[in-house]
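Undergrad: Checked Swiss-Prot, it gives:
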type    : residues           : note
BINDING : 244, 255, 420      : Mn(2+) 2 binding site
BINDING : 255, 336, 381, 420 : Mn(2+) 1 binding site
């Protein structure tokens, strides 16, 4: 596994962004692309701010995630500018002076107060496509987020540049480091909060730096898809552990899930192994031209095959799919685009002009409906869960006879299983970004 230097790839990445921005501006009829980094948000009736989250459109250009009140200005034919907010402040740590692989490519203007940007932004705000949230408005420079510009940029963000893939590989390395520490803590009998802390320590990122809230679920808690409570006391006995957690690398996310059985719980361990084998086949199906919607449907059939083999369902996988039984055990989508955002944008877009590709009927939580293209990075995250609310709905719909309820009772205390990798669609075979990192770490 070779890690490429992102700095050596940045110039080509920027050239791609230039071309995209020029075309997007032409589509929208604007002269300038203006991207604010975002501002701090404060809690209601309080002077405490929420953790700052940078505008994704900003960090697409710069590997900076902690520079509120800054701006990027791109005008075709001109060198892009960065208005870098570095205030005089003795209450807080201010951003370091600009440095790194990006600085030589921009005209950099240091501003000490947010309003100093006004003299450096393009003269006519009406000629600017300003991409950001309303709170980023400064004087007459109010984010307008023109649809032709946003649609074009978001669609093409689906195809990652080599620079972006290099950073995503870095995020995998960090995430796997945390996952290994978390598994070790679980094996030592730790509670959910302690497992979470072991993860953060290994990654070197706290909860505000991680790309999403860690899901650290012991036993039945794994049946809550987005369980983030972090219990302070380990259940007894410990049966199972599901962890869905990622890491950030210069604004790019990883999103990795693993499930483990405690020692002595061999049948659940065998089910995990079966889901893992099925998941690897799904990862291999990531090829250019393949419809992600079909991959999702195929995942349902494969997972129902696992349940059939373990005696949980009595009907065929196809019947389970057609009757909605499969959705009770696998109630989320097979995955999503990932990159600057965990659930990256334009997953439903019909083209770079907009439009929408709807989800298949009966699958309301699928987050990607596009045909796969080279450069896309997607998650593949099949799961099987024992969720009473959904299983009761199967009974209410008259399909209770399709399920062996004794087997459900056996597996319910384990909560569920989810296995998730990130996979790069190439011109040929799928490139799993996650598995080789685990293999190297375990080697």
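The first residue you see is number 1, and the count goes up from there.
Using N, Cα and C of the backbone, Cβ positions are placed for all residues, glycine too.
Note that this is a predicted model, so its numbers are computed, not measured.
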Undergrad: Does anything in the same chain, at least 6 positions from residue 381 (Mn(2+) 1 binding site), have a Cβ under 8 Å from its Cβ, and if so what?
TA: 255, 257, 279, 332, 334, 335, 418, 419, 420, 421
Undergrad: Using a 10 angstroms cut-off on Cβ to Cβ distances, just flag whichever of 244, 255, 420 is the loneliest among these binding-site residues.
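TA: Comparing Cβ neighbours within 10 Å for the binding-site residues 244, 255, 420, 420 has the fewest.
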Undergrad: Which ones in the same chain are close to residue 336 (Mn(2+) 1 binding site), with CB under 8 Å and 6+ residues apart in sequence?
TA: 342, 343, 344, 347, 367, 368, 378, 379
Undergrad: Which chain neighbours of the Mn(2+) 2 site, leaving out 244, 255, 420, have a Cβ atom within 8 Å of the mean position of the site's Cβ atoms?
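TA: Apart from the listed residues, the neighbours are 215, 245, 246, 256, 257, 379, 381, 418.
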Undergrad: Which secondary structure state does DSSP assign to residue 381 (Mn(2+) 1 binding site), in the simple three-class scheme?
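TA: For residue 381 (Mn(2+) 1 binding site) - judged by DSSP and reduced to three states - the answer is coil.
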Undergrad: Could you check what DSSP calls residue 255 (Mn(2+) 2 binding site) once collapsed to helix, strand or coil?
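TA: It is coil.
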